[in-house]
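Swiss-Prot has this to say about the protein:
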BINDING   GLY32, LEU33, ASN34, GLY35, SER36, GLY37, LYS38, SER39  ATP binding site
COILED    172-508  coiled coil
COILED    673-1028  coiled coil
DOMAIN    2-1161  domain 'Zinc-hook'
DOMAIN    518-638  domain 'SMC hinge'
Amino acid sequence: MHIKEICLEGFKSYATRTVVSGFDPHFNAITGLNGSGKSNILDSICFVLGITNLQQVRAANLQELVYKQGQAGITKATVSVTFDNSERHRSPLGYEEHPEITVTRQIVVGGRNKYLINGKLAQPSQVQNLFHSVQLNVNNPHFLIMQGRITKVLNMKPPEILSMLEEAAGTRMYENKKEAALKTLEKKQTKVDEINKLLDHEILPALEKLRKEKSQYMQWANGNAELDRLRRFCIAFEYVQAEKIRDNAVLGVGEMKAKLGKIDAETEKTQEEIQEFEKQIKALTQAKEASMGGEVKTLSEKVDSLAQEMTRESSKLNNKEDTLLGEKENVEKIVHSIEDLKKSVKERAAAVKKSEEGAADLKQRFQELSTTLEECEKEHQGVLAGKSSGDEEKCLEDQLRDAKIAVGTAGTELKQLKTKIEHCEKELKERKSQLMSKLEEAIEVENELGARKNDVEHVKKALESIPYNEGQMEALEKDRGAELEVVQRLEDKVRGLSAQLANFQFTYSDPVRNFDRSKVKGVVAKLIKVKDRSSMTALEVTAGGKLYDVVVDSEDTGKQLLQNGALRRRVTIIPLNKIQSYVVQPRVQQATARLVGKDNAELALSLVGYSDELKNAMEYVFGSTFVCKTTDVAKEVAFNRDIRTPSVTLEGDIFQPSGLLTGGSRKGGGDRLRKLHDLAEAESELQGHQKRLADVESQIKELQPLQMKFTDVYAQLELKTYDLSLFLKRAEQNEHHKLGEAVKKLEEELEEAKSQIKEKELAYKNCFDAVSKLENSIKDHDKNREGRLKDLEKNIKTIKAQMQAASKDLKSHENEKEKLVMEEEAMKQEQSSLESHLTSLETQISTLTSEVDEQRAKVDALQKIHDESLAELKLIHAKMKECDTQISGFVTDQEKCLQKLSDMKLERKKLENEVVRMETDHKDCSVKVDKLVEKHTWIASEKQLFGKGGTDYDFESCDPYVAREKLEKLQSDQSGLEKRVNKKVMAMFEKAEDEYNALISKKNTIENDKSKITKVIEELDEKKKETLKVTWVKVNQDFGSIFSTLLPGTMAKLEPPEDGNFLDGLEVRVAFGKVWKQSLSELSGGQRSLLALSLILALLLFKPAPLYILDEVDAALDLSHTQNIGRMIRAHFPHSQFIVVSLKEGMFNNANVLFRTKFVDGVSTVQRTVTKQTK
């Protein structure tokens, strides 16, 4: 099959319909200037063959294949290729009867792409199958040799060359089919997995469940009969046992009483043996003390002597230590004295200040005395002037005149008041007479007024009976508003802190239904209460990541949470029942307290509060570390030989016994625990306010009905009160009321006048007495004048004396002030002297310390000798113990007798209790037998079978106690089974089993298919290997022949890489003459192009295609090589059609038909020339 004609219309540069006909069946060449459209003819052939990689036809999309991309009015591109199909043995499958085959492909801009085969529409797959059947696969075009492909072949690696060989052999298509088969296998495996998943997750669990339900159903059905049998068996045994105990109780009581008598006799005998042992022990003890006492005494005296000497030396040591201690105490006293002097200096300074203030007070006292003196002198001058006192402005005669005027005025007012009383009494009498005439009207008004007042009082009592005070609800609502505001503020604070501490929130879903959440205690950080806020940084560093651990009651709870708790983050869980905690040993804690002081290093565990149930978890987190106040203390605790325990300072620095130190900047140290502490306080405060808010809400709710009732009654009270006030106003307008008011007013005026008359009479009497007194004073003034003057002069003298004393005190204060200043200076000098003495004492303490150390060494030596002697004394005591062995034997025998006596007493008590028990059992069992016979009527008819072998009541072959346990268990099981048993389980189980068998059958079928496909793939792999080997041999032979034709005097071959076989890849080797080149880099560019072209043509020759297209493959070759290509094509490809694009005459002159392209007026044209006549 070869091309006869190509028709192009609107394709690339061929705008108008252009028919290229007369193709030679063997060798055709196309030439022309660059851009004239020669390669477009090759592109049109590829276009018809169905190419999908448009880069090989130099286009980005199909629209670019249309002339000027549809911009010149041409909107479609059509290419038709006519093939000569006269050779039927080379025809495509299914087209053997067609002498010609015309394949057309058309694309429309923005439209669809269509194919036609012999004028009929065809699918792209049909076109591909047509060309594939004659080795024309345009999407893997080994028949299309472009100049770029030559270069590409030169750069190929061995596996890529092998891939070209596979393509030539046709095994590449097998690989594609193999991949499809493997995908099919994968799909079948997916199906098998789905079946397995269905079996594992649905069918098998359901089948297993139904199998269990079936077993339960059968167990329940069979258990009912067994339950009845066991119940009768146990009742029969209970009856027999009760009869047996009843009958044996009578005999047992007599036997027990006989045993009691025997025990009493044995007890008396044992007591005699105990007394005998006591005598022997006493005799042996006296003999031991007599024989060994002297030696012990000597050694004891030696030990005592050493102890006394050691005491003397220890005394000296204590004296020196006391002296040293005394000197140290003196130092402390001096230090305290210095401190006291400093304090006294401050006190003297304060006293000076106080003295100055006292002087100011004395100055004020002196001023006050001066003022008093002035007043006395003034009064003295007044007496001299004839006044009663110094303050009076008038003399006694003027005062007498004024008093007489006052007597006259008081007498006039008294007369007027008596006249008014007479008038009021007269008018009151008249008004009362008029009032009596209006009495009936007054009684009627009074009755109605009383009724209205009673109504008001009744409503008031009803109001007072309501347990509600006016304004109480408003106060509660005010409290509610205040509490609500506080609660909202605290809730905002809690939310803010909770958001900042989100990592401490542990949220989970219940892992099982009805899960007890109290088993989950919470995060460690939220379970502790820090006792001292200053230790928060140290505690946070001590705990580290354990602060985020979650505490639960057991490992089962932890496992449930991890597996089914839907946890949002990774957590570490501490189960209280399994956690291995470690706490620093008490002796280490005591050693630490002795070394650095109890307050300087504390166990971290003691600094936190927690619930007792959390003890194990808290010991695990905080039990192994000390918290120290300073770095020096922390070092001492960590590195001391007797302690060696991790320690943390308050600033968060860590000291490990291994020598590892961790510290430095710690931004926000303890911040998390502080925030947690603040959060706990806020939550506690929030709960308190929420409780108070709830209480207020509750009170409001309780008071609402009372408030409503109070409001209603209060409204009634206001209404009644208003009604009463209106009535009172009306009553005030009637005649009787007016007369009553007038009488009342007159009575008040009369009463007031009567009370005033007494006052006026008293005032008149006082004025009269004052006149008399003044008259007497004037008479006595001359007599007393001299006395008063003397008294005043005496006072003046006294005040002057006091002023002198105050002046003296003032001077004394000034002197005291100077004295205090001098004392202050003296104290400062004494302080300086004490500081010098302190320095000398510190030197003396250093000397005494050395002497104490020497004396301590001496005491230690004596202690060693004393300890050795004491050890020897103890050895002698040990020997004395051996002497005690015999005594111990007697003591042991005595103790055995005592124990025997105790046992017999206990046995006697048991026997007495047993007698009581048997008598009780006899009575109880008699009642029990009667009740059993009465309750179970079948006992009377089957009683004779109880306990007989071979019957249902054989108590020997079947243990009654085991039967009782079986009965109880069976009753429990049957009760549970009856609730759970599924009555339809038999039919459901059969249906589920059928589904299971069907799926297993389907699965087996699929797995058999998989096995067959795998086997076929293995067989085809072997055939592929054989085919590739044959292909390699044939292509290798043609490769060498073609290359030697193109480049005479050379050889070429394909061989596997070193240390490999041909399936690992093939590489090209070249020889010039008989010398094989080590590398292709030794070849020139033209030689390498010929070598690549030879390989390509050799591959094509293995399975020749009907058509080959070469596009300027001779571009890099000189003229002689180009001519050789033409000759090679004629020699090696006699049955294939070649279409070659070339610009060199050496190439296209060898062609039978030459097509020349030109570019005229923007459109390509083609001219055919026959260069040689085909034979």
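Each residue, glycine too, has its Cβ placed from N, Cα and C.
Note that the coordinates shown come from a computational prediction; the quantities given were computed from them, not determined experimentally.
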Three-state composition of the domain 'SMC hinge' (518-638), taking helix and strand from DSSP: 66 helix, 20 strand, 35 coil
Assigned conformation of GLY32 (ATP binding site) - DSSP reduced to three states: strand
Cβ-based isolation winner (fewest other Cβ atoms within 10 Å) among the binding-site residues GLY32, GLY35, GLY37: GLY35
Among ASN34, SER36, SER39 [binding-site residues], residue with fewest other Cβ within 10 Å: ASN34
Chain-internal residues, separated by at least six, CB under 8 A from LYS38 (ATP binding site): ILE30, THR31, GLY32, VAL1141, PHE1155, THR1157
Shell list (ATP; ref centroid = CB of GLY32, LEU33, ASN34, GLY35, SER36, GLY37, LYS38, SER39; cutoff 8 A): ASN40, THR1157, PHE1159, SER1164
For LEU33 (ATP binding site): intrachain residues, at least 6 apart, with Cβ closer than 8 Å: THR1157, LYS1158, PHE1159
